[in-house]
Amino acid sequence: MSATLILEPPGRCCWNEPVRIAVRGLAPEQRVTLRASLRDEKGALFRAHARYCADARGELDLERAPALGGSFAGLEPMGLLWALEPEKPFWRFLKRDVQIPFVVELEVLDGHDPEPGRLLCQAQHERHFLPPGVRRQSVRAGRVRATLFLPPGPGPFPGIIDIFGIGGGLLEYRASLLAGHGFATLALAYYNFEDLPNNMDNISLEYFEEAVCYMLQHPQVKGPGIGLLGISLGADICLSMASFLKNVSATVSINGSGISGNTAINYKHSSIPPLGYDLRRIKVAFSGLVDIVDIRNALVGGYKNPSMIPIEKAQGPILLIVGQDDHNWRSELYAQTVSERLQAHGKEKPQIICYPGTGHYIEPPYFPLCPASLHRLLNKHVIWGGEPRAHSKAQEDAWKQILAFFCKHLGGTQKTAVPKL
């Protein structure tokens, strides 16, 4: 009897959904090595492997069988995805074209390391980023440069604006996945894209106000307010939008700081001065990587510092997602300072969820950890922090928390996928 790789769901599913991996037709207690690999849009190779032992019936189910070593160990049904590592050092795992799925190659080989034996069976699994029925619309409205993702069905739907960090450009993968959960989601570019500025001399909230108005005027978006989701600098822009703009019903910050960091944040006649930084505080770590966690100037006066975003002006609830091993900046300290500022002004504490062993780039579920990569502005490879297993678990939970938060405060229904064999 020949070995067979069984995947559930077979063929394809969304990246943020689990896939159940099993092997049948092995010899009783046969030792095997499972390998996973994929290439991103730039051809960069990512790989993971793990060693397993079949049961007495010659079957192997990754939901029941612990990995005996390799890229990970223990009971990790999705380990072959979250443990993927780039062949090229410090290469960040990203999805740039959500219309084309990633193709994961799965192989089962006889025996264990150092050199597994012959190939027993193999399969492909497509991991896509455009959920069934989700509609993708390019947006060029006034100054707004974005992509809108609409869920299947007649609508209208609760709306979210999704903003990324200092890398600029237009990243759509989080917005497209959110649309699969019933949210009309606008992936918004704000610099280094088409005719937008190539750098950030200052952050003008009037541009982001245009995006809010666009969403609320869209017939498929349900008002009266919208949600905001941002990571890193994008999170600080979202916190600023919540503080100054109308019709923001709920805000999620992923490893934001609540501070105007490197450049002023302006809205009409108001301006938040930048806190600033000192590159002399860069630390050189292993392999020539640099650690920038302490380059920002001290937050003198704590929550009263003039570079703090006036988050007490926000009308809707706030969720702060925090990686406790974030090496971009001191996210946990900043989250506590935001909370202190809100309480000092008689406002409710924000919801803060802290994840140990978790770095800066908290992505949708099953994204591999990016422990270090090239920093766009510094042009150096910097440490982002995180430990693979803890970071992966944090991403799974954070995604659930974000969906639940927006469902509660914007309206909507959650969808879950539980694969069964």
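The backbone N, Cα and C atoms fix where each Cβ goes, glycine too.
Quick caveat, the model's predicted, so the values are computed rather than measured.
Taken verbatim from Swiss-Prot:
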ACT_SITE  Ser232  active site, charge relay system
MOD_RES   Lys313  N6-succinyllysine
ACT_SITE  Asp326  active site, charge relay system
ACT_SITE  His360  active site, charge relay system
Looking at the recorded positions listed here (Ser232, Lys313, His360), whose Cα lies nearest to that of Asp326 (active site, charge relay system)?
His360
Among Ser232, Lys313, Asp326, His360, the one of these recorded positions whose Cβ has the fewest neighbouring Cβ atoms within 10 Å:
Lys313
Give me the Cα-Cα distance between Lys313 (N6-succinyllysine) and Ser232 (active site, charge relay system), rounded to a whole Å.
21
Cα-Cα separation of His360 (active site, charge relay system) and Ser232 (active site, charge relay system), in Å?
8
